[in-house]
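Here's the structure we're looking at; comments come further down.
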Amino acid sequence: MNIPKYQQAQVQGQQPNLQAQQILLQQLQQGQSQQSQPSIGGSGSAGQFSQQDIYNDNIAQQGLYQNSYQRPVQAQQPPQLQNIHQQQQFFPQQFSSQQQNQPQASSLQQYQQQQQQQQQQQQQQQQQQQQQQQQQQQQQPQIHLPQQYQQSQGQQVPHQPPHIQQQQFFNQQAAALQQQQQQQQQQQQQQQQPAQKLNSINIENPNSIYWQHQQQLCQLSRNANIPHYYARQYAANSRKNKNPYSDVKTVSLIDATRSIVSALNEQENSKSNPGSATNSALLQNKKLAQDLDDDHLQEEQRMRQKTQGRQLWCQLDLSGQGLVNLSPKLFQYDFLESLYLNNNKLTSVPPIVNKLRSLRTLDLSHNRINEVPSELGMCFNLRYLYLFDNNIKTLPNEFGNLIELLFLGIEGNPIDLKIANLVAEKGTKELIAYLRDLKPSFSKPPPRQWLLLEDDGEIIDPINNPDAYTNDNNNSDTNDTFTMMSYNTLCQHYATTKMYKYTPSWALEWGFRRAALQEEVLHFKSDLVCMQEVETRTFHEFWVPVMQGFGYKGVFFNKTRSKTMSESDSKKVDGCATFYKTDKFELLHKQNFEYNSVCMGSDKYKKTKDLFNRFMNKDNIALITYFNHIQTGEKILFVNTHLHWDPAFNDVKTLQVGILLEELRTIMKKYHHTNSIDEIKNASMVICGDFNSTKENAVYQLFSTGAVSNHEDLEGRDYGKFTDEGFRHSFKLKSAYDHVGELPFTTISPAFTDAIDYIWYSTPTLQVKGLLGKIDEEYSSHCIGFPNAHFPSDHIPLVTKFQIKKSGGNKKPDFKPDFKPDFKSGSSRKT
């Protein structure tokens, strides 16, 4: 026991007396056993610490140590009372014998009475202070020690040495400070966030697996209520990742959601593939663990490629900041992939949120949001959307565009029971499908504007020169003009719900799309119609009868893979179809052009490794038709083609076009019965179709400039002279829509939106007089992809009006014109 030095001297000096007193005390006790002994350390005795003796200092007044350990007030006692306390503390037996034989001094009794009065006054003051502290509790947090450290009024404080008392007091302070910090955080959260809604939605089946997930994740979200929760947790887990001896990482709301989604997917896969259920069950834990990090790894790799190794942050945590409104500048950060706005005071979300189309995670939980904007449906990359504990009553139909959404948190909202029950029974994906199949909330767009062009290519303003458009409508059928359409109609075998998840199921049905395609094609009354992705059976059984009723005849050629199929399966293969009005054009010749067959049948194309591995396994084709324009006698060659789709094979597309242009020179010589290069250059020709190439690709450059070399699309490839010397052609070609800088897009989807369809024409003999303009911008801003309720294909049609510059025509060929369409799929070119 550690005793101060001045007390040690006192104890050592009184050791002999202490032993004598103990012997005397035993004798007295034996001789006076019948006499009652006064209690030692009873109530009001000076031998113990008084419960009412507390320091009257600032700490006590502020209530920081309320209900805590009470300290003895030795500084307020007179010297004689201090001596009595010391004797009782260090010599209890001696003090006990004196208490039996000697009465207390009257002065000491008077002092004790005064002391009791002071203690009563202090009790009253302390009660008043407690009332004031309760009123100021939010401003000045209190420290409440654990129950084991608190004492009642009548309880005696056990005697402990000073150093043990000091250690206990320090432990009490540490526990009190820790509890104070927790109370401060709770009070701060209560001040910043609105009252939580802990009542669940009254659904029909609250025990369903999907609704249990809602409640579990909602509770986890409610617990994540500290400011910058996600940022703090990310930083903590990052530190744990660097330390191999650290604890297991804490699971966040996002991680828990990923685990739940992975488990559900595993169950669905096991049901669809019962034979592999055992193996899937064995790998379940591994798969779940991988799924937690797969998205992060893929995103990091994608961002590295996007930023070329530069660091770019893509997550923003504004949770628990008491935000009432959001600045419009926030939505200029269109690179954001995760945005956390939970535990704020937001009452609405601005419609400008649709600019954040890279968002994958959005947390709006624990706010005061009354309505979700329909523009949020444009954030089609969202995978996790948390709306827990708000005032949302319904969801907009545009949420059907959230094709990647894996989980939608709606617990804690007074939401429509129809929506809540659907989520509880079938989950988030079925809810999105239900909303997608509802009637579209936006109306049909206005018709695409028809644009007239001057001879120099300038667009005629319909406001300043309305007569030009009136005359064009009245005199549309002039002798030296013709109109043509190029349209990828989307083969019905490609129009699946898996491929076009953003399209309502009823809008993908072939019956609906077929009627809409027929209406759109016949609406423009084009003299010549070139279609791509037309099924073989559909051409013969649908398009030929329909088009014949409006004065058209047609020719068709399907893709080369049909040669390896049975007769029934080959009818499902798509190809290119060309329809022409018999009163405008006379068909002179038709040729089926197979890119791979032409390449293999000619010695001028070097058979390289890239040719066999990348080019030969593609079955793309072109349909070549040679017409006589009846009014003028002009011979015009039309090429209708569909190139390979994959952007990873841009070199293959370039080679396909290079071979096509190379062979067209020979074909033109044959049709025109001439070997003159100048005559071939000035011949009338139109090449249209789906080229699956943008303006930046080598295909566009080859058409527009006549040559391409050292392009990134061809880098590292070997195609003989084409890559050694570059691609070249002698035709003078121009894009019909080059007069308007090309359309903003000819195909639109969540993954890709751009112009990839073109109409190329020979400038020496033809000029553009009219174009079908772009789709209404307001309408397209609310669409994430075609087809939809108003557009039956994933492409839009291109319509152009051409004028033949020269009158008359070349001499007709000696062979008899072929009026009968050739429906055979074999190539007419001998190789």
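A Cβ is built for glycine as well, from the same backbone N, Cα and C atoms used for every other residue.
Swiss-Prot has this to say about the protein:
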- 29-50: region 'Disordered' (REGION)
- 142-163: region 'Disordered' (REGION)
- 311-333: repeat 'LRR 1' (REPEAT)
- 335-356: repeat 'LRR 2' (REPEAT)
- 358-379: repeat 'LRR 3' (REPEAT)
- 381-402: repeat 'LRR 4' (REPEAT)
- 404-426: repeat 'LRR 5' (REPEAT)
- Glu533: Mg(2+) binding site (BINDING)
- 806-831: region 'Disordered' (REGION)
- 811-823: compositional bias 'Basic and acidic residues' (COMPBIAS)
Cβ density check for the residue listed as 'Mg(2+) binding site', other Cβ within 10 Å (all protein chains) comes to 24
DSSP tally for the repeat 'LRR 2' (335-356), helix/strand/coil in that order, comes to 5 helix, 3 strand, 14 coil
Long-range Cβ contacts under 8 Å made by the repeat 'LRR 2' (335-356), restricted to residues 6 or more beyond its ends, are 189, 192-194, 221, 224-225, 227, 229-230, 299, 312, 314-326, 328, 362-379, 386, 388
Per DSSP, the repeat 'LRR 5' (404-426) contains 10 helix, 3 strand, 10 coil
Secondary structure of the repeat 'LRR 4' (381-402) by DSSP, residue by residue, totals 5 helix, 3 strand, 14 coil
